[in-house]
Structure formats: C-alpha cells, structure tokens
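**Student:** What follows is a structure written as structure tokens; I'll ask about it next.
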Amino acid sequence: MFQFPARLAGAAVALTLAAATPAFAQQLELKLMAPAAPGGGWDQTARSMQQALVASGVARSVQVTNVPGAGGSVGIAQFVNGAKGDGNQMMVNGFVMVGALAMNKSPVTLEQVTPIARLTEEIQVIVVPANSPIKTAQDLAAAVKADIAKVTFAGGSAGGVDHVMAALFAGAVGADAKKINYIPFSGGGESLAAILGGKVTAGISGLSEYEGQIKSGKLRAIGVTSEKRIAGSDIPTFKEQGIDLVIANWRSVVAPPGITPEQKKTLSDAVEKMVKSDAWKEILKQKGWEDAYLGGDAFADFLKKETVRVTDVLKSVGLVKS
Amino acid sequence: MIDTFAALAHGMAVAVQPMNLLYALIGVFLGTAVGVLPGIGPALTVALLLPVTYKLDPGGSLIMFAGIYYGGMYGGSTTAILINTPGESASMATALEGNKMAKAGRGGPALATSAIGSFVAGTIATIGLAFLAPWLVDFAVRFGPEDYFALMCVAFVTVSATFGDSPIRGLTSLFIGLTLGLVGIDKLTGQARLAFGVPELLDGVEVTTLAVGLFAVGEALYVASRRHHTEEKLEPVRGSLWMTKEDWKRSWKPWLRGTMFGFPIGALPAGGAEIPTFLSYSTEKRLTKHPEEFGKGAIEGVAGPEAANNASAAGTLVPLLTLGLPTSATAAMMLAGFQQYGLNPGPLLFAERPDLVWGLIASLFIANCMLLVLNLPLVGLWVRLLAIPQPWLYAGILVFATMGTIAAKPSVVELSMLAGFGVLGFLMRRFDFPIAPVVVGLILGPIAESQLRRALAISLGDPMTLLQSPISATLLGVALIALLAPFVLKGLGRFKANED
C-alpha cells in the first residue's frame with residue numbers, strides 16, 4: 001500500500017499521455033534518462049520531451065528515469081556502460097555536465113556518447129542590488145580591474161555555468177581569472193538572498209531566475225550574455241558594452257555509444273520532429289526556454305568546442321588540475 | 001491590515017469552490033501517503049504530478065501541491081512514532097520521544113499530539129504567512145552567511161548538550177555525523193572528499209538513508225540481538241487512546257514554542273525544517289517539569305518538534321511567494337509548478353495575481369483542517385500496527401526501510417550504506433551512544449562549514465566579520481551562554497553548598 005502514491009501518479013501520467021496520443025503514433029518506445037534528481041533542469045527537460053514526443057505522435061511511449069549524482073557523472077557512467085548499442089535510449093545533459101565530468105575526473109567522458117541534438121539554452125545575466133554604485137558592465141569591469149579579490153560574485157555550484165562565466169568575465173576585461181572571488185551557493189534561491197541582502201557585489205544566474213526581481217526593481221541587470229539584444233528587452237548585452245562575453249546554459253540530448261547509423265538517424269529524426277511540434281513550442285513558451293535546436297554534426301562539433309572551452313576555464317581557476 | 005483581511009476573505013471564496021476543495025483533498029491524501037514512506041517525499045510527488053497537472057487550472061493544481069506539502073509533514077511523523085522510521089529528516093526529532101511513547105502503549109496520545117500540534121502550528125504559521133510575509137522577508141534577506149554560521153553554532157551547542165547521558169558520548173556521536181557530512185564534493189571548491197573514488201558518494205551521504213539506517217535498521221538488529229535475553233514487552237495500548245487532560249496541559253506550550261521556532265527559521269532562505277525541530281526538542285527537554293521522562297517517552301518531546309516542522313513548512317512559503325526563492329526541495333518543485341503556468345513568484349505576484357496567492361493561502365487553512373480530520377480517526381487504526389508480533393513487525397520495518405531507500409536512489413552503494421548504518425546504529429545502541437547527534441551532524445555540519453567559508457571569502461579572510469554583524473554577534477553570544485551556563489550554575493551550586 002505504501003507504493004500506492006507513486007503508482008497512482010505513474011498511472012495518472014500514463015493515462016494522460018495515452019489520452020493525448022494521436023492514432024498515428026509510431027511504435028517507437030523510448031527510455032530517457034535524466035542524470036539528476038526529479039525537479040532540476042535536466043529532469044524538467046526530460047519530462048518535457050516525454051510530453052512532447054508522445055503528444056506529437058513521434059513516440060508511442062517514453063519512460064523517464066532519474067539517476068542523480070555528481071552533476072551527472074553517475075548517470076553518464078551508467079548510461080555509457082548499461083545502454084551501449086541500445087537504439088531506444090537517450091540521455092539529457094547540458095553545460096553543467098561538461099564541467100562536472102572534468103572536475104570529478106570521471107572515467108567516462110562525453111566523447112563516448114553519440115551526440116543527437118542541442119535543444120534549448122538559457123541566457124545568463126549579471127545583476128547587482130538596486131542600491132549598488134555599479135550601473136553598467138563597464139563599472140563592474142573597472143571594479144574587477146581595481147581589486148579583483150574585493151569583487152564577490154555569487155552564483156550556483158562550483159564549476160557550473162555561473163562560475164565559468166565569472167572567470168570568463170574577468171578574463172574578458174583583462175583581469176586575472178585565477179583570482180576571482182566566486183562564492184558558490186546551492187541553487188539560485190540562496191544566492192538571490194545574498195545579493196538582495198547586499199552581502200556580495202554581483203550575482204550570476206540564468207536570466208529567467210532573476211527576471212521577477214529585475215522587473216520589480218530590486219535587482220539591476222547590468223548585462224546579458226546573448227549575442228544580440230533580446231527582443232523587447234532593455235537589458236544591454238555584454239558585447240554592446242564592449243566586453244566579449246557570450247555564453248549560454250544549453251541542454252541537449254545524447255544517445256548511447258555503439259549504436260548503428262540507422263539507429264542514430266531514427267533518434268535524430270524523432271528529436272527533430274519533436275522540436276518542430278506545436279507541443280514542444282508550447283512547452284518552451286511556458287518554461288521560458290530559448291529554442292536552440294542544433295542537430296547532427298554541427299552539434300557534435302559544438303559539443304567538442306564547448307568541452308575544450310569549459311575545461312580550459314576550469315583549469316585556469318584551478319578547479320581542474322592539469 | 002484591513003486589506004489583508006479583505007484579500008484573505010476573497011481568497012477563502014476561491015478556496016472553497018468545490019473543485020478546489022477536491023484538489024486540496026487529493027493533495028493532503030497523497031501528501032500523507034508519501035510522507036509515510038521513507039525516501040519518497042513530497043518533492044518527488046510534486047515532480048511526478050507536474051506533467052499531469054499542466055493542463056489543469058493553475059489555482060487548483062497549486063492548491064493540490066500545497067496540500068501535498070502539508071500532508072507530507074503530517075505523514076512523516078506517523079512512521080517516526082510507530083516504527084521509529086522517520087519518513088523524512090524533519091520528523092527525526094519526533095521519533096526520539098514518539099517511538100518511546102508508542103512502545104509504552106502511549107502511541108495514541110503521541111499521534112494525537114503530533115496531529116493536533118501540526119494543526120495548531122500550521123494554522124498559526126499560515127496566519128503569520130498572511131500577515132507578516134512582507135516584513136519577515138526583509139529580515140530573512142538580511143541574514144548573511146556569517147549569521148547562518150552563528151545560528152548553526154547555537155544549534156550545535158544546544159543539541160550536543162541535550163542528547164545522551166554524558167556530553168562526551170553526545171559529542172562523539174556528533175563528530176561521527178560531522179565526518180559523514182564531509183563526504184562528497186566540497187561545495188566551494190568542487191573537489192571530492194572522502195569519496196574513495198566511488199561516484200555515488202560524490203553527492204554526499206543521503207540524510208534519509210542515514211536516519212533510516214540508524215533508527216530503523218539499527219533498532220531491528222538490536223531487538224533481534226536481545227530477543228533471547230529479555231523479551232521487551234510491547235503494549236499496544238495502555239490507558240486512553242486519546243490525550244488525557246494532563247497530556248493537553250503538557251502539550252499546548254510546546255506547540256506554541258515549536259511554532260515560534262519553526263516559522264521564522266523556515267522562512268530563512270537557508271533555514272530548513274530540521275534545525276527548528278532540534279531546537280524545539282532541546283528547549284522542551286530543558287523546560288519540562290518531567291525531565292525523568294525524557295528519553296523514555298515524554299509528550300513534550302513529540303508536541304514541540306512536530307509543531308516546529310509544520311510551522312517551518314508554512315515558513316518556507318514566505319520567501320517562495322514574496323521573492324520567488326525556493327528554500328526546500330518541495331518549494332523548488334512548487335516554483336516549477338508556478339513557472340509552468342508562466343507565473344513568476346516574487347514581489348509582483350501579489351499585485352498581479354492576488355486571487356491566486358490568496359486562494360493558495362486560504363486553501364492552506366483548509367488543507368490543515370482536512371489533515372486533522374483525516375488523521376485523528378486514523379490514530380486508532382495506526383496503533384494497532386503495534387499489536388503485530390515483534391518479529392513480524394521488525395521484518396516489516398526492514399522491508400519497508402529497504403524499499404524506501406531503493407525508491408529514492410536505486411543503487412547498490414545506497415543499499416550497502418543503509419546496511420552499514422544499520423550496523424553502526426546497532427553498535428551505538430549496544431554501547432549507549434545517542435544516535436540523534438549523528439544525523440544532526442550530517443545535516444548541519446555541511447551547512448555550517450559552507451556558510452563559514454562563504455562568510456570568510458566575502459570578508460577576504462577576516463574572522464572579525466563574525467562579530468561585526470549584529471545578528472551573528474547576538475547568536476554567538478547565545479551559543480556561548482548556552483555552553484557555559486550549565487558549568488557556571490553547577491559552580492554556583494557548589495559554592496553555595498560550601499557556604500552552608
């Protein structure tokens with residue numbers, strides 16, 4: 001009887017999904033691993049894919065499994081070893097996994113998986129408290145150049161996208177990235193409190209996380225990391241302000257090693273169809289995720305370049321020993 | 001103030017719509033059920049329900065999520081009291097006295113005081129949420145890393161002084177917990193500590209695994225080892241199934257005090273539900289008129305922590321609704337719930353969607369009443385569990401503990417840890433070491449460490465920062481007094497005795 005609630009929820013999921021399945025659904029039955037606990041970004045991505053894949057009729061059923069641990073290191077190890085050659089399995093991953101694998105000296109790397117596609121990305125932002133004397137990215141750059149240790153950055157976990165971004169910012173304005181005073185907090189919530197309370201100089205996070213605070217005027221956004229200014233937004237990009245800092249927290253999906261080219265094509269096609277479906281677009285709008293679909297070899301290339309960039313940054317701040 | 005009343009009345013009108021009542025009922029029922037199973041907590045349940053609810057009306061599903069949250073806090077205490085298996089870490093303090101009461105045939109009153117205490121605390125805290133939220137959140141944001149560290153110091157001092165018969169044994173246990181707390185990736189530098197190359201250990205030791213291992217498995221092993229010595233007599237029911245007049249008299253103050261700990265600490269962005277339960281337990285142990293009953297089943301030790309954990313649940317909604325700042329796993333899932341409707345909790349939510357916010361707050365009152373109605377009649381049913389013959393009961397507990405652990409984290413390493421902690425729990429019982437401080441150390445140690453290091457990083461290594469913040473200085477003072485007071489008082493007592 002104690003299993004009841006989980007089963008009930010499971011049954012309810014199955015029911016809704018079955019009801020939403022159009023009659024022309026293919027026989028594709030997928031297993032999708034979220035290498036994180038329920039609730040985080042990867043889990044939400046996996047569950048959104050599940051929803052969109054089934055609702056758009058690309059797959060008949062999609063089962064999401066959670067394998068949490070060490071920024072995805074536990075999940076990918078299990079995925080690479082356990083799903084080898086299985087053309088019906090995929091795993092969600094993203095920026096954070098690149099750094100986590102390097103820092104944890106994981107024996108399994110992203111070179112071993114079969115890249116399928118990049119799906120979404122989130123623009124990053126640097127904010128300061130509303131009463132801070134820092135008004136623009138150049139003000140912050142000046143402060144960093146004056147005394148880098150005194151400028152405290154609050155953000156997410158060590159080695160994550162926020163940390164990498166702080167180092168890139170320091171590097172881009174000509175300071176020594178090795179000396180950044182980065183203070184990791186678990187999740188955006190805790191760091192937000194520290195920023196609002198004026199305990200740190202600046203905060204780094206995904207734009208959506210701080211959007212409410214920015215709109216209400218409690219935080220001032222001094223720059224976003226997109227290539228071009230976001231439509232309808234009055235927050236300038238770093239590039240506009242003369243600082244070469246472009247980075248995004250991307251999420252992607254990969255397949256196991258050792259699958260045949262046909263299997264890879266089936267999965268790539270399924271993901272491409274899903275990305276183009278109305279169901280997926282609807283989800284992106286709801287969650288405020290940017291569509292960043294990039295498939296095939298272009299994504300494989302991107303993954304390689306990003307791995308090199310992140311690893312270099314982590315080495316420069318001393319998180320990865322070379 | 002008048003505005004708040006008007007808004008709340010409006011919210012009540014939203015909450016009593018039949019569909020919303022139904023959502024609240026489903027929520028509290030699911031919440032109670034998952035709270036009972038160690039491992040599957042309210043956060044996971046909300047995560048599983050998110051894709052199902054995204055087509056529902058936002059008000060209805062948020063009301064359901066809040067019901068799950070409150071229900072989980074109720075459910076966790078049931079197993080803690082009856083079979084010494086805390087459903088979640090916030091129910092740990094409840095297990096200490098609650099299970100002793102259950103073994104002495106007072107399971108009925110223990111469950112009743114926890115249900116009514118939860119109700120009282122939940123109600124007061126929800127009122128606090130409605131009226132104090134804007135003020136409280138300003139205070140909470142002022143809490144910096146150095147202040148959290150000072151708060152942890154208070155918790156360490158009170159806890160280590162409270163548990164066990166001798167401070168040395170209590171401290172030994174605490175340090176075992178602190179050591180376990182070091183396992184995993186260091187949050188500030190990203191380096192692995194004491195993980196021995198096992199990837200599953202990189203995220204640290206799961207609190208529920210440790211608690212269930214020490215409490216439930218350890219207890220089962222201990223009982224099994226004593227079976228041929230002396231048969232422990234378990235009386236399912238002795239005296240009244242309900243709370244006596246005396247029980248009420250001893251419960252109401254702890255309920256209120258527990259609420260006073262739970263609500264404000266729950267509202268702190270890094271406060272959590274565990275600290276207030278421990279602080280409440282220590283306070284009750286100090287203030288009680290029946291110190292001899294502590295450790296043998298004192299009702300105050302159940303009433304206080306239970307009130308504290310429910311009040312903290314309401315507390316976490318303060319930063320969630322006013323800042324969009326999730327401070328617990330379940331709150332984070334509720335935030336995801338808000339976002340799936342394109343709503344961003346935060347300062348603007350109260351102005352933009354008052355019907356939703358006040359509907360949610362009003363439905364918390366309703367969920368609380370439902371939980372009381374749902375739980376009190378079940379007390380009679382639950383205590384019958386204790387009439388099951390001991391070998392069966394403990395075999396059931398072992399199955400149940402294992403299942404819960406696997407459900408939360410399906411891995412061999414996790415299961416081995418459960419078994420290992422079970423043996424540790426057995427040895428500690430055998431040699432009279434208190435087990436609660438181990439779990440306290442595991443929960444609070446890492447928080448204290450990272451907050452201290454954050455504070456020092458911000459101040460560029462200047463330790464004076466700990467005394468420059470008024471909040472931190474005050475709390476450290478409290479900790480110091482709590483540490484020295486017993487010795488000073490003892491000394492004064494001796495001095496007086498000498499004079500006579």
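Glycine is no exception: its Cβ is also placed from the backbone N, Cα and C atoms.
Residues annotated as domain 'DUF112' in TrEMBL: B:21-439. For B:21-50, B:62-83, B:110-136, B:148-164, B:171-189, B:201-224, B:317-336, B:356-380, B:392-411, B:431-448, B:469-489, the entry in TrEMBL reads transmembrane segment.
Burial and contacts for the listed features, if you can.
**Tutor:** Under 8 Å from some Cβ of the transmembrane segment (B:110-136) lie the Cβ atoms of residues 1, 4, 8, 70, 73-74, 77-78, 81-82, 94, 97-98, 101-102, 242-243, 247, 251-252, 254-256, 258-259, 262-264, 266-267, 297, 299, 302-304, 306-315, 317-318, 321-322, 361, 364-365, 368-369, 371-372, 375-376, 379, 382-383, all in the same chain and six or more residues away from its ends.
Remote same-chain partners of the transmembrane segment (B:171-189), defined as residues 6 or more beyond its termini with a Cβ less than 8 Å from a stretch Cβ, comprise 156, 159-160, 163-164, 195, 201-205, 210, 424, 428, 433-446, 449-450, 453-454, 457.
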**Student:** Should anything in the same chain at least six residues away from the transmembrane segment (B:469-489) have a Cβ under 8 Å from its Cβ atoms, list it; otherwise answer none.
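**Tutor:** Sequence-remote neighbours of the transmembrane segment (B:469-489) are 142-144, 146-147, 149-151, 153-154, 156-158, 161.
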**Student:** Any contact between the transmembrane segment (B:356-380) and the transmembrane segment (B:62-83)? By contact I mean 3+ C-beta pairs closer than 8 Å, pairs at least 6 apart along the chain.
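**Tutor:** Between the transmembrane segment (B:356-380) and the transmembrane segment (B:62-83), contact is present.
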**Student:** May I ask for the residues of the chain that lie six or more residues beyond the transmembrane segment (B:431-448) and have a Cβ under 8 Å from a Cβ within it?
**Tutor:** 89, 92-93, 96, 148-149, 152-153, 155-156, 159-160, 163-165, 169-182, 187, 204-205, 207, 210-211, 214-215, 218, 270, 272, 274-275, 278, 424-425
**Student:** Averaged across the domain 'DUF112' (B:21-439), what pLDDT does the model get? Just tell me the whole number, please.
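**Tutor:** Taking every residue of the domain 'DUF112' (B:21-439) together, the mean pLDDT is 81.
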